[in-house]
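Engineer: Just dropping this structure here.
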Amino acid sequence: MASIPQTSVTTAITLFPISLPSQKSFYFPSKPPPTTSQPPPQLRTSHILSKPNHHHHRHISSCTSQFLLSSPLSLTKPQESSFPIDPNCHSFQTNTDRLIEVDGLFNFLRLSVKYTDIGLARALHASILKLEEDTHLGNAVIAAYIKLGLVIDAYRVFMGMSTPDVVSYSAIISSFSKLNREAEAIQLFFRMRISGIEPNEYSFVAILTACIRSSELELELGLQVHALAIKMGYSQLVFVANALMGLYGKCGCLDNAIHLFDEMPHRDIASWNTMISSVVKGLSYEKALELFRVLNHNKGFKADQFTLSTLLTACTRCHARIEGRQIHAHAIRIGLENNLSVSNAIIRFYTGCGSLNHAVALFERMTFRDIITWTEMITAYMEFGLVDLAVDMFNKMPEKNSVSYNALLTGFCKNNEGLKALNLFVRMVQEGAELTDFTLTSVINACGLFLKLEISRQIHGFIVKFGFRSNAYIEAALIDMCSKCGRMDDADRLYQSTDGGNTIIQTSMICGYARNGLPEEAICLFYRSQLEGTMVLDEVAFTSILGVCGTLGFHEMGKQIHCHALKTGFHAELGVGNSTISMYSKCYNIDDAIKAFNTMPAHNIVSWNGLIAGQLLHRQGDEALAIWSSMEKAGIKPDTITFVLIVSAYKYTSSNLLDECRSLFLSMKRIHDLEPTSEHYASLVGVLGYWGLLEEAEELINKMPFEPEVSVWRALLDSCRLNANTSIGKRVAKHIIGMEPRDPSTYVLVSNLYAASGRWHCSEIVRENMRDRGLRKHPCRSWVINKKKLHTFYARDKSHPQAKDIYSGLDILILKCLKAGYEPDMSFVLQEVEEQQKKNFLFYHSAKLAATYGLLKTRPGEPIRVVKNILLCRDCHSFLQYASVVTQREILFRDASGFHCFSNGQCSCKGYW
């Protein structure tokens with residue numbers, strides 16, 4: 001047995017050992033007895049309501065010698081006492097034959113807690129061991145040890161008690177619940193019930209705390225505890241009801257929590273705080289603000305720092321700027337602005353709502369700041385792209401912890417500073433800083449930004465070597481990194497090595513498939529996870545799946561996901577709202593995209609850019625410029641992507657507005673302080689080429705202040721294709737081939753350019769040159785979605801189960817179109833074959849096969865939706881115009897340039913794409 005440490009404690013008196021030969025000593029073993037250290041076998045949660053039929057056995061030892069014969073505890077040196085001693089206190093008598101009064105022991109135990117004097121507590125414990133067992137004294141020792149942070153010592157005292165009561169059990173259960181030892185707390189509660197001891201209100205709060213913190217069975221057990229509390233008449237007590245509300249709020253049973261709150265006969269401010277916190281967790285932000293308004297009209301209660309901090313969190317998440325400022329004003333009015341937790345929440349609110357100046361002003365007014373305050377400011381500067389100011393704030397911090405490092409690391413990733421993030425991580429490793437799961441997830445994300453294959457492998461090796469990979473968040477981040485760094489096979493292997501039943505891992509894999517041009521695999525994985533019930537949709541999952549639906553043009557599924565987001569409240573999240581706009585735009589439903597934009601509680605620049613991009617997909621240049629005008633009036637600051645889109649919008653205006661376009665381009669630097677990049681020059685070149693100004697476009701490229709990237713020359717080459725200008729096209733092609741000699745798409749574009757102008761021989765020479773270099777063009781494919789299934793077609797593809805019906809239907813459709821005036825354009829047959837073979841090659845392009853399948857599988861009057869991964873060829877374009885006439889059907893076709901709406905022989909692109 002481990003003896004109680006004989007710690008010397010400074011006090012004003014001397015305590016001598018007390019001899020009680022006729023009494024048994026109360027012995028507390030260092031380890032629980034084997035028969036009771038483990039829970040009863042096959043114990044089930046249902047026992048909580050069963051009739052107890054076992055009793056707690058006494059564990060009393062007669063081994064008293066080591067305490068009775070131990071050397072006296074000297075409590076001397078009054079000048080070093082850690083607490084004041086009343087000189088008139090007679091609890092401890094200087095006569096060795098006088099007993100210490102029990103009340104004195106209670107008082108000194110309280111003093112040991114008050115002055116955090118562990119030595120005194122142990123000395124008092126040693127003295128109490130020599131007395132006859134007293135459950136009340138034992139409980140006092142347990143309480144003192146718990147308050148001093150010595151929970152293990154408290155548990156040892158508890159295990160040595162022969163007759164622990166409900167107070168003993170409640171204290172230990174509560175302590176274990178708060179120390180992430182929920183399973184042990186629950187088992188102790190079972191043991192208490194089996195011992196025949198009925199729980200009291202404190203027991204219920206303790207076990208409910210364990211249920212709230214437990215990751216398993218929390219709701220099942222909590223419901224049983226609730227039933228028992230009702231049966232025993234404790235459910236109406238304020239703090240028991242508060243704990244029950246906390247449980248239901250944590251488990252997502254918001255209706256149960258609201259019902260409890262409404263039925264409470266009495267409430268305290270903790271009741272209001274618990275209810276408000278629960279509705280915020282349930283994403284019911286408006287309900288939280290409504291509760292606050294009711295609380296304010298209730299004269300019996302006053303909001304405290306917890307109330308305001310929670311409400312500010314709600315305002316931040318739902319971007320309720322006005323309400324957030326009102327809460328800030330309320331905090332000032334009741335004197336809580338200077339409260340640290342409230343101030344930190346206000347900074348977080350202003351950061352989330354785009355008011356950096358207000359956040360900075362409050363930070364500078366604060367007289368006291370903690371690590372959270374400094375970290376919030378680092379996050380604020382990073383949120384607004386002020387990386388240097390964030391770094392400066394980090395360097396000024398009086399002390400740092402892992403959270404501070406992580407805020408800086410995450411900020412670097414958010415601002416695409418992958419290299420800086422990696423350098424910071426190296427510094428953290430060298431300085432021995434704590435590496436948390438969040439740290440590792442951030443550095444993995446940094447590798448995904450850096451896109452360096454070798455570095456991604458090094459970081460991956462570091463994670464595996466130090467055994468960090470078992471965390472689901474880290475595994476998800478590794479899958480994401482591999483998919484971004486061209487390691488899709490590794491991502492597949494990583495996913496297969498997991499149990500596959502985790503939402504974030506599944507979401508990362510779905511994103512990886514979508515990112516690498518494998519949307520079918522993404523949809524299949526999503527369907528499988530939904531059928532198995534293994535995926536819970538959160539903000540990231542909603543954003544990813546909506547993105548995949550947009551890529552595929554999966555309109556029906558996209559609408560269903562959007563409805564689910566509306567039901568669960570995730571539609572209010574910026575990322576989900578932006579993805580919804582993009583999804584509808586890519587599914588030829590610009591009206592619903594606009595509705596989604598208008599119903600968003602808040603917008604950022606991504607929202608505006610998404611709406612403009614949607615109009616461009618539909619070739620609505622005037623509408624895109626109208627949105628740009630609204631942005632300017634609203635004072636929204638554009639970014640570089642905005643200007644790429646707006647310049648491109650001038651291709652699709654109803655009239656030539658080139659002068660406006662040139663002025664807008666020049667305003668980037670002059671007014672908006674944004675340097676034009678190759679992307680902006682490529683957009684302007686595309687506009688000039690679209691309106692036939694090829695010479696001006698070429699001159700613009702030659703006068704660029706920096707070396708043009710290949711995208712700029714491609715824009716001009718595409719313009720040459722539209723205008724059938726081979727003289728400029730030839731010069732441009734030389735530039736592109738010189739820059740990217742291994743890119744097959746350039747050779748295909750030049751070949752098509754020659755073919756379109758009737759120079760077949762030159763077209764064939766380009767093709768031969770391409771074959772000699774061993775280059776092959778990327779396979780083009782078209783697809784249709786029918787009955788929630790993707791049906792993909794390649795040129796002359798007969799792999800579809802209904803290929804026979806599709807080819808028969810297409811042959812009939814071709815004959816009808818030929819009779820209506822369709823003339824096949826043989827220039828798009830690039831193989832040197834006989835005329836009849838050319839027709840066979842031409843007639844069975846993937847676009848024609850997909851459109852035919854769509855016609856066969858949809859009801860009369862329904863539009864046909866087809867998507868193609870590259871540009872639609874001119875012959876297929878002509879064929880689909882005639883097909884819309886002979887079938888009297890609308891064909892909605894999306895290619896790399898945007899939408900073509902074929903109706904009654906006309907196309908929305910007007911022959912330019």
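Cβ atoms are placed via backbone N, Cα and C, with glycine included.
Unlike curated entries, TrEMBL annotations are predicted automatically.
Feature list, courtesy of TrEMBL:
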COMPBIAS  30-42  compositional bias 'Pro residues'
DOMAIN    821-913  domain 'DYW'
REGION    27-46  region 'Disordered'
REPEAT    165-199  repeat 'PPR'
REPEAT    370-400  repeat 'PPR'
REPEAT    401-435  repeat 'PPR'
REPEAT    604-638  repeat 'PPR'
Engineer: Please report, as numbers and ranges, the same-chain residues at least 6 past the borders of the repeat 'PPR' (604-638) whose CB is under 8 Å from any CB of it.
Structural biologist: 574, 577-578, 581-582, 584-586, 588, 590, 593-594, 597, 645-646, 648-654, 672, 674, 894, 898-899, 908-909
Engineer: May I ask for the residues of the chain that lie six or more residues beyond the repeat 'PPR' (370-400) and have a Cβ under 8 Å from a Cβ within it?
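Structural biologist: Residues 340, 343-344, 347-348, 350-352, 356, 359-360, 363, 407-408, 410-412, 414-415, 417, 420.
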Engineer: Within the repeat 'PPR' (165-199), how many residues are helix, strand or coil going by DSSP?
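Structural biologist: Grouping H, G, I as helix and E, B as strand yields 26 helix, 0 strand, 9 coil.
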Engineer: Would you mind giving the whole-number mean pLDDT across the repeat 'PPR' (401-435)?
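Structural biologist: The predicted confidence over the repeat 'PPR' (401-435), as a mean pLDDT, is 88.
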Engineer: Summarise the repeat 'PPR' (401-435) as counts of helix, strand and coil residues per DSSP.
Structural biologist: 27 helix, 0 strand, 8 coil
Engineer: For the repeat 'PPR' (604-638), what does DSSP give as the number of helix, strand and coil residues?
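Structural biologist: Counts, helix then strand then coil: 27 helix, 0 strand, 8 coil.
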